[in-house]
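Asks: Supplied in structure tokens, the structure appears directly below.
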Amino acid sequence: MGAKVLFFFAFLSISAVSAFAENEKDPGLAMDFYKDTCPQAEDIIREQVKLLYKRHKNTAFSWLRNIFHDCAVQSCDSSLLLDSTRRILSEKETDRSFGLRNFRYIETIKEAVERECPGVVSCADILVLSARDGIVSLGGPYIPLKTGRRDGRRSRADVVEEYLPDHNETISVVLDRFAAMGINTPGVVALLGAHSVGRTHCVKLVHRLYPEVDPALNPDHVPHMLHKCPDQIPDPKAVQYVRNDRGTPMVLDNNYYRNILDNKGLLIVDHQLAYDKRTKPYVKKMAKSQDYFFKEFARAITILSENNPLTGSKGEIRKQCNVANKLH
Ligand code: HEM
Ligand SMILES: *[C@@H]1O[C@H](CO)[C@@H](O)[C@H](O)[C@H]1NC(C)=O
């Protein structure tokens, strides 16, 4: 008796539910999906995102990073939010999730929604809408997004690395992975503009500083990086990091593109984006025009947010975002 047997029963029970609802049409995603069932849902989420942002500005970074880490791994199904169980590792605990934070505040938003409309609004939609509203808090564009996603029942930790590129991945692999979701080259360049906010921990940077400083780094930026990351092997207890954009660290703007053209990109992927001949023309265009960046960013976030969702009678509406409901 192992995980396989459990999955088999889970599978049986999911198929039973779907068969039951077979003659109800799957409406898919729609604008304002909750207009009849919970008309105030989007307002509650927006209000909570704003309140949280007032108290902890970095929550907005998390909402923005979450949409990538959830939606790019097979489906926008909020599998990212599940805690580990005795048998199954959570996505949150994998190496790619390093530095993800503020998960408890997703529960704050979920609880506020549950108080008004219990059991109606999915965590997958809360994750996507909090990203949408977080982007606005950070000075980015308002992006109208569809809702109607349902929550997955299990972690996808086992496949996370096949979907999320590593910090030092080649541009070819990065472009391929996003293309598989229908996101083209300017879309990828725009999405990486998210690295205009937030931070990167020293563990992801020390290989560019020690034993020798990466000659590709702007020498004017190196003393700051060495000051923030003084040890070749960072002390795991000390929270040591460098801000992604020293100029405007709290604002989602096109300064990221000027930084990477100036060799101040922190990650290898950021740096490569400004050098690869497929991506460089878009980097230059976005460095010049915030409008163009926002337009492409909004388009790419929309595609990302619609990646292979569970809809209709698939999945479930979780009661709490960090645990799947009990199978009945
Ligand atoms: C090739 C693709 C990408 C790679 C390899 C990558 C990698 C990383 C890494 C290593 C960090 C630092 C984490 C830490 O040390 O705490 C980071 C931070 C971040 N990433 Fe990405 N990322 C990618 C794409 C994206 C996309 C598409 C988005 C959103 C649309 C995004 C949003 C963010 C945000 C907002 C942060 C800052 C988080 C914070 O300060 O809490 N990233 N990313
Ligand atoms: C990328 O960095 C990781 C450590 O974070 C390392 O194990 C891996 O070998 C590196 N890959 C490449 C292609 O350099």
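The backbone N, Cα and C atoms fix where each Cβ goes, glycine too.
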Asks: Where TrEMBL annotates a disulfide for Cys38, which of Cys76, Cys117, Cys123 is the other cysteine?
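Replies: So the cysteine that TrEMBL bonds to Cys38 would be Cys117.
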Asks: What residue among the binding-site residues Asp77, Glu91, Asp245 has the most other CB atoms lying within 10 A of its CB?
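Replies: Ranked by Cβ atoms within 10 Å, first place goes to Asp77.
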Asks: Spatially speaking, which of the recorded positions Cys71, Ser79, Cys117, Cys229, Thr248 is closest to Cys123 (disulfide bond)? Use C-alpha to C-alpha, please.
Replies: Ser79
Asks: Relative to the Cβ position of His69 (active site, proton acceptor), how many further Cβ atoms are located within 10 Å?
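Replies: Around the Cβ of His69 (active site, proton acceptor), 22 other Cβ atoms lie within 10 Å.
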Asks: With an 8 Å cut-off on Cβ distance to the Asp70, Val73, Asp77, Ser79, Glu91 Cβ center, who else from the chain surrounds the Ca(2+) 1 site?
Replies: His69, Cys71, Gln74, Ser75, Cys76, Ser78, Leu80, Leu81, Gly152, Ser155, Arg156
Asks: Within the chain of Cys117 (disulfide bond), which residues six or more apart in sequence place their C-beta under 8 angstroms from its C-beta?
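Replies: Non-local contacts for Cys117 (disulfide bond): Tyr34, Thr37, Cys38, Gln40, Ala41.
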